[in-house]
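Trainee: In case it helps, TrEMBL gives these features for our protein:
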REGION    64-99  region 'Disordered'
COMPBIAS  75-89  compositional bias 'Polar residues'
REPEAT    179-220  repeat 'WD'
REPEAT    419-457  repeat 'WD'
Amino acid sequence: MMISSWQHILAQDARWNSLKDPCIRNLYLRRRSQLLADVVGDSGSQGFDKNYLKLRAQILTSTYGSPEQRRSSRSDSFQTQDQLCNETPDSGRPWSASSVHEALTPSKDAYASRAMAGVMTESLSLSYTFSGVHHIFEQSSCVNCLSFANNNPDLLCVADSQGVLCIYQVDPPKVLHRIPAHSGPIVDLEWSISNDVIICCSIDCSLSVWDSAKGSLLRSIKDTVPIMCAAFQPANNNMLAMANARGLVQVVSVSTGMVVRGGCQQLQGNARAQALTFSICGTLLWVGDDKGSIHSYVFDISSGKLLKGRRFCAPEGKPVTCISFRHWVNRQARDPCLLVNSGTLLLVYGVVNPKDGTLVLKKRIHVCAESKTPAPLKSCFSPIMSFRDGSCVVTGSIDGGLIFFDVIPSHASSPVNTLQGHSKTVTDVGFAADEKMLASADSSGVVILWKKEPRQR
């Protein structure tokens, strides 16, 4: 790229900087500068400048709105990433996601990126060393799920078995809202992309939509059986997908509370839905069930319709208790993948066909010993794309530990690091967006905030 092109890209990002969360503004621009410095002299990037600028402007507008005028409605329609992928750039050559990934893949000489990630001086285990406990919150019953806000490490939402939804401030630690949300255990929750709305579902056969700032109920969606899992549609947060104990997967409009026409599918084999997740573009949906199967569905963003894809079975057929999607783990593993908890196994699947969600098992990790009373273990990816020689995930364990693994298929399956602080089974884990904090919860109601060890320069 020419020097003038770098300046255009930085200037373009700076225009939208005021619309971003304050905690990521400077970090983002600094990171962008370092990435651009890495492609000095890269002849393969010539001719990509105008196409990239056009695409970047469309993505920033769809995500943050126009710099001249902020979005005023939660139900605004966004141009999706899928539509962007189908546009033809100025060069006349059809643009594809794979071509961008190839052009933006850091080279082996990406010294600035590697130095920032610490690969010059640190092992993966040292990169995920925690200095101690930042704070401990206590719920009155088993914590079933927790989640940090999107791109905001200062907000944490926790839900327990008594139907209580809590929103915590991380630093300084305090309770912002304590909401008696449901009459039964809450089994899943999620923040909207803008963090203004939280959804949670319960075995009391309902899903609730909450205003995260006021702690007030916006909408309640009823079902005839327990709702086991739910997630916002990434490209349009006015739609969500939910799945119930009878294996019925439904697409619901948040504004009306009604099921979208054509947005219903039944899991095969009378299975009970346990977990679900969308792809980054929202065109694929995967649902895990209690029989150890993962079902893929194709999501039509314009209409909200669901089409059946494929069905895959976990190695030992144990219930699938957690599914997470990651579009790009790190520079060694550039393919989209799923992280799945099935019994005491941690499974890494590669998405080999983005049209129907076809999966192939790439890595199988044994987390802990079997227990007489199986616990629904959960895991998560580290949120920052890694330029180290490896990629880290963390999972809870029956013995009260948090175990870190490297999920690159060619690397060893032994733990990278382990944290011990819980006396009961760890029921959920979650990283803050900047990776400076890790939250974990157990079946006794204890929520621990772990502070990451600052890297020595």
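The backbone N, Cα and C atoms fix where each Cβ goes, and this holds for glycine too.
I'm curious about the neighbourhood of these features; can you describe it?
Mentor: Averaged across the repeat 'WD' (179-220), pLDDT in this predicted model comes to 97.
Long-range contacts of the repeat 'WD' (419-457) within its own chain (CB-CB distance under 8 A, at least 6 residues past either end) are made by residues 23-24, 27, 118, 122, 127-153, 156, 158, 160, 168, 170, 173, 375-384, 394-402.
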Trainee: Tally of helix, strand and coil residues over the repeat 'WD' (419-457) according to DSSP?
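Mentor: Counting residues by DSSP class gives 0 helix, 21 strand, 18 coil.
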